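Participant: What TrEMBL records for 87-191 is domain 'P-type ATPase C-terminal'. According to TrEMBL, the transmembrane segment annotation covers 119-138, 150-171.
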Amino acid sequence: GLVIDGRTLNIIFQGGLEEKFLELTQYCQSVLCCRSTPLQKSMVVKLVRRQLKVMTLSIGDGANDVNMIQAADVGIGISGQEGMQAVMASDFAISRFKHLKKLLLVHGHWCYARLAKMVIYFFYKNVCYASLLFWYQFFCGFSGSTMIDYWQMIFFNLFFTSVPPLLFGALDKDVSAETLLCLPELYKNGQ
């Protein structure tokens, strides 16, 4: 692990030592920035995001973490004694840090699975509709006439094809929460 303070971060950013700092951090399992300013926190997140081209996640519980949360791809705010500024600036909010494991491993896995099924469903729906239009053009001699009225198309998309994604989004859980918490490697399968 690496523990670095705000004064050292200031030297790194002003001295142009960002690449060396990133090389050092890649050998560590965890990096802890302590006694750093909100600007330094956001600069570290931007540096990792820009140079390593990875997705970043920031977690904060106070107003001094807002810049860092907004600089990350995914921001998580912890509601606490320091106020609600971090929660209001974040993408997700949790009440305690211990809930982070369930948010990432359980709800993250379910979200991946649901989004994948939704994308497949919309491809299927559009392929079915496009092939129907294709064969209709043979029937009408490629005259360009419309197969159905515009209001029927809106009705079709609004009612008939919106129900399955809503049901999948609300009810689909491919693996139970207990199994996902016991086997964290299942999260990678979803990706």
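Every residue number used here counts from 1 along the chain in the order it is shown.
In case you wondered, yes, glycine gets a Cβ from its N, Cα and C as well.
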Participant: Same-chain Cβ contacts of the transmembrane segment (119-138) under 8 Å, 6 or more residues past its ends?
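Facilitator: Counting only partners 6 or more residues beyond its ends, the transmembrane segment (119-138) has Cβ contacts under 8 Å with 147, 161, 164-165, 168.
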Participant: What mean pLDDT score does the domain 'P-type ATPase C-terminal' (87-191) have in the model?
Facilitator: 85
Participant: In the domain 'P-type ATPase C-terminal' (87-191), how many residues does DSSP put in helix, strand and coil?
Facilitator: 77 helix, 3 strand, 25 coil
